[in-house]
Amino acid sequence: MADVPNDAPEHCPGTSSDQAGKSSACQGCPNQNICASGAAKAPDPAIEEIRQKLTSVKHKILVLSGKGGVGKSTFSAHLSHALASDDSKEIALLDVDICGPSIPKIMGLEGEQVHQSGSGWSPVYVEDNLAVMSIGFLLSSPDDAVIWRGPKKNGMIKQFLRDVDWGEVDYLIVDTPPGTSDEHLSIVQYLSGAGIDGAVIITTPQEVSLQDVRKEIRFCKKVKIPVIGVIENMSGFVCPKCKNTSQIFPPTTGGAQRMCEELNLPLLGRVPLDPRIGRSCDEGRSFLTEVPDSPAAVAYQNIFPNSKLSHYSKNSLC
């Protein structure tokens, strides 16, 4: 949970729980007396610190998915590239997938390091107006495993939000891991003061993905994050030679279209499979500029700036 201290025992009930300092898991914890007194239920001071730090960030968008492997990080990267294609906008991409940071690879930044300045951590820049931060920049090797419990992940996310010197930013895109766990609770809690414009939900057409995406949507409702809309990724395969479309992941229950109709959510677009997307990501290049005329790139461009995405944020993103 996001309200668990960094040095808490494994089964800590959390500082906001009625059992804080009283449950059997609290025995021997150095924070037991503080939690039992109720003092720990006070708001985390980091929330206000982060609010002040991010006053120069106009819009904050989460990219979520219930299921792993649906192309969420790919979408986050290409959304950032597309927004940064407007030279008048300043874009930042924050990777909070602590255990599986793929953004450095996708953005062509493997081997880059974070530098410390008087105003905090300096993000790594892909372009003059596109900044990136990820735990991947703090690892000695891309193959290093991050084996952390929830409290340590939460501390890292807090540090990213509070200590990174983002500067003046129009859009902060937050790439999250799949699910509805520690990282998601942390980002929602720590941005509660600064405000979140909304979330874009990524799915694939088959029911096994949609089941988990419905959970993600319910998570957003419970924590009061507006859902900007849903992207159906890997929506068919368009043969680059004959141009015929094949359904690799058949939408057996109607796909994202029916789910959005049932839940009264906007379907922002469908992106077909294209093996060149994977190649571009492996090479750290923007697919949108590498193959701009592909059906997938056209689908992306129909979703991005000056199109559907600009109309659904509560703060009117454009």
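Every residue gets a Cβ built from N, Cα and C, even glycine.
TrEMBL annotations: computationally assigned, not manually curated.
TrEMBL annotations:
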BINDING   Cys12, Cys26, Cys29, Cys35  [4Fe-4S] cluster 1 binding site
BINDING   Gly66, Lys67, Gly68, Gly69, Val70, Gly71, Lys72, Ser73  ATP binding site
BINDING   Cys239, Cys242  [4Fe-4S] cluster 2 binding site
COMPBIAS  14-23  compositional bias 'Polar residues'
REGION    1-23  region 'Disordered'
Checked against DSSP, the composition of the compositional bias 'Polar residues' (14-23) is 0 helix, 0 strand, 10 coil
Among the binding-site residues Gly66, Gly68, Gly69, the one whose Cβ has the most other Cβ atoms within 10 Å is Gly66
Rounded Cα distance in angstrom between Gly71 (ATP binding site) and Cys35 ([4Fe-4S] cluster 1 binding site) is 41
Ranked by how many other Cβ atoms lie within 10 Å of their Cβ, the binding-site residues Cys26, Cys242 are led by Cys26
Cβ-Cβ distance under 8 Å, sequence separation of 6 or more, same chain as Lys72 (ATP binding site); the residues meeting this, in order, are Val63, Leu64, Ser65, Asp175, Thr176, Pro178, Ile202
All chains considered, the count of other Cβ atoms within 10 Å of the Cβ of Val70 (ATP binding site) is 23
Counting only residues outside Gly66, Lys67, Gly68, Gly69, Val70, Gly71, Lys72, Ser73 in the same chain, those with C-beta within 8 angstroms of the ATP site's C-beta centroid are Ser65, Pro178, Ile202, Thr204, Ser209, Asn233
Smallest number of other CB atoms within 10 Å: among the binding-site residues Cys12, Cys29, Cys35, Cys239, that is Cys239
Filtered by Cβ under 8 Å and at least 6 apart in sequence, the residues in the chain of Lys67 (ATP binding site) near it are Pro178, Thr203, Thr204, Val208, Ser209, Asp212, Val213
Looking only at the binding-site residues Cys12, Cys29, Cys35, Cys239, Cys242, Gly69 (ATP binding site) has its closest CA neighbour at Cys239
Among the binding-site residues listed as Cys12, Cys26, Cys35, Cys242, the Cα nearest the Cα of Gly66 (ATP binding site) belongs to Cys12
Quick note, Cys26 ([4Fe-4S] cluster 1 binding site) and Gly68 (ATP binding site): C-alpha atoms separated, nearest Å, by 34
In chain order, residues whose C-beta lies under 8 angstroms from the C-beta of Ser73 (ATP binding site), counting only those at least six residues away in the same chain, are Asp95, Asp97, Ser102, Ile103, Ile106, Asp175
Using a 10 Å radius on the Cβ of Gly71 (ATP binding site), the other Cβ atoms enclosed count 21
Between the C-alpha atoms of Cys239 ([4Fe-4S] cluster 2 binding site) and Cys29 ([4Fe-4S] cluster 1 binding site), the distance in angstrom, to the nearest integer, is 60
